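In what follows, a single structure is set out as structure tokens and then discussed.
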Amino acid sequence: MEKKLTTPLFFSVLVTLFIASNAHHNASYGQTASADTTAASIDSLQRRRNVHGVLNAVGWGILMPLGAMIARYLKLFKSANPAWFYIHVVCQCSAYVIGVAGWATGVKLGIDNPVTFNESHRNVGMSLFSLATLQMFSLGLRPGPDHKYRLHWTIYHRLVAYAIIGLSVFNILSGLGLLEPDGRLWSGMFYLLAAYGVMSIILEIITWSIYIHRKRKNRKKNSDQNINRVNGANTRTQEDFV
């Protein structure tokens, strides 16, 4: 009787141990699979954030200011005309396409991951996209060089361009703060933008120096022509009198 009771009890203990072991294995596997899925999701999110940052840095932070500097400083030299205009257009169009791609990835990130949403960064990005789009379409309304509204269009074009560059620099630096990249990447982008700023100041001084020099030269030339014209008229008057 004792033997008969012992045998089923032994098998029941084995079955219980087997079930417990299998349940523990399934639970461990489930936790591992869940952890792997979470890790993959985090990696995918970080990858998309990196793509968003790189596209915006290249479009708004590198090509856009470069195109503006070309338009501002190369057109001063007659030998660069009209090459500077086509280089300017290529830079700005490329910057717009790449920047809009970066903007679109940012919008998608905000939809998919509302937890990482930053209202200030998004609002500046929306303003930047709107101004850049307005600027691109305004190129089709560019008056001719001798048109009476050309000066008004030029003032508008420059003011919007400066606003775009200012918003670009602000949003790129704030985005890098949110992205928290490697310190070298943040420093590299900061020094690049700072180099753009220093070059712009130097080129602005050179541009105004050349402009003032040409203005004085033209004024002196016109003054000499007026003096010669007056002297010529006086000479003719004296000859007529004689």
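From the backbone N, Cα and C atoms, a Cβ is placed for every residue, glycine too.
A TrEMBL annotation is a machine prediction, not a hand-curated record.
Taken from TrEMBL as is:
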| type | residues | note |
| --- | --- | --- |
| BINDING | His52, His88, His121, His157 | heme b binding site |
| COMPBIAS | 224-236 | compositional bias 'Polar residues' |
| DOMAIN | 14-212 | domain 'Cytochrome b561' |
| REGION | 222-242 | region 'Disordered' |
| SIGNAL | 1-23 | signal peptide |
| TRANSMEM | 51-71 | transmembrane segment |
| TRANSMEM | 83-104 | transmembrane segment |
| TRANSMEM | 155-178 | transmembrane segment |
| TRANSMEM | 190-211 | transmembrane segment |
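Annotated features taken from TrEMBL, shown on the structure.
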residue: His52; record: heme b binding site; CB count, 10 Å: 22
residue: His88; record: heme b binding site; CB count, 10 Å: 20
residue: His121; record: heme b binding site; CB count, 10 Å: 17
residue: His157; record: heme b binding site; CB count, 10 Å: 15
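In this entry, His52, His88, His121, His157 make up the residues listed for heme b, with the farthest two CA atoms of the set 28 Å from each other. Residues of the same chain lying 6 or more positions beyond the ends of the transmembrane segment (83-104) and with a Cβ under 8 Å from any Cβ of it are 51-56, 58-60, 62-64, 66-68, 70-71, 74-75, 125, 128-129, 132-133, 135-136, 139. A Cβ distance under 8 Å defines the sequence-distant neighbours of the transmembrane segment (190-211), meaning residues of its chain 6+ beyond its ends; these are 61-62, 65-66, 69, 72-73, 76, 169, 172-173. Here the transmembrane segment (51-71) has long-range neighbours at 84-85, 87-92, 94-103, 105-106, 109, 128, 132, 161, 164-165, 168-169, 171-172, 175-176, 179, 181, 189, 192-193, 196, 199-200, 203, meaning same-chain residues at least 6 beyond its ends whose C-beta is under 8 angstroms from one of its own. Model confidence over the domain 'Cytochrome b561' (14-212) is summarised by a mean pLDDT of 82.
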